[in-house]
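Student: Pulled these features from Swiss-Prot for this protein:
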type	residues	note
COMPBIAS	58-67	compositional bias 'Basic and acidic residues'
DOMAIN	1-241	domain 'Phosducin'
MOD_RES	Ser73	phosphoserine
REGION	1-67	region 'Disordered'
REGION	111-245	region 'Thioredoxin fold'
Amino acid sequence: MEEARRQSLEEDFEGQATHTGPKGVINDWRKFKLESEDSDSIPPCKKEILKQMSSPQSRDDKDSKERFSRKMSIQEYELIHQDKEDENCLRKYRRQCMQDMHQKLSFGPRYGFVYELETGEQFLETIEKEQKITTIVVHIYEDGIKGCDALNSSLACLAAEYPMVKFCKIKASNTGAGDRFSSDVLPTLLVYKGGELISNFLSVAEQFAEEFFAGDVESFLNEYGLLPEREIHALEQTSMEEDVE
């Protein structure tokens, strides 16, 4: 029904078109639009503007043309201003949708700091009882071993940026398997998921420069696909894409 009415209006418009060229077609359409609208539903001020837009003044009527130009300028400003408001609303809506999406995807537990494991039993319990979707990064260290302090500091920063990843640390002497983690293989990183060891890095400090920081450790773990996408980074990227648009 609606499609038939729209087609009929288009045919009527084609029959009433009297101008040629882009400006003539636009003026014909404005005039037809005004006539086809319910007169009671159009505010008087809008109706007057539509009339003026559909019936440009003659070049000899200087005063009328100036008045028309002023009204057109105001109308154009309002339209542009409204378009900008619409764009801002759309950006806010898309940003909110992205935030909602990340919240829905981030339905697992959140941590945000490095857990100190005191015993081997606590170590095993953490691996076995944590949710299967959670990635667990365990740093096995000892005081005084080169690279251990820097790695602990780096993991503390990463824990804040990746709250869905559980970062832990435990002294080799507290694991109950100190003979397996001698000083020459420290610091060691073990990565678990779903109760299974998925990556292990012995003497991991050798992968970095003499001085290394959180960004270096982050890049290293990302090379092996062990970290999820940072939530803050994803939202910033979305905001940048919206600004480009």
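In case you wondered, yes, glycine gets a Cβ from its N, Cα and C as well.
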Student: In the region 'Thioredoxin fold' (111-245), how many residues does DSSP assign to helix, to strand and to coil?
Tutor: 58 helix, 28 strand, 49 coil
Student: Mind looking up the mean pLDDT for the domain 'Phosducin' (1-241) in the predicted model?
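Tutor: Computed over the domain 'Phosducin' (1-241), the mean pLDDT is 77 on the 0 to 100 scale.
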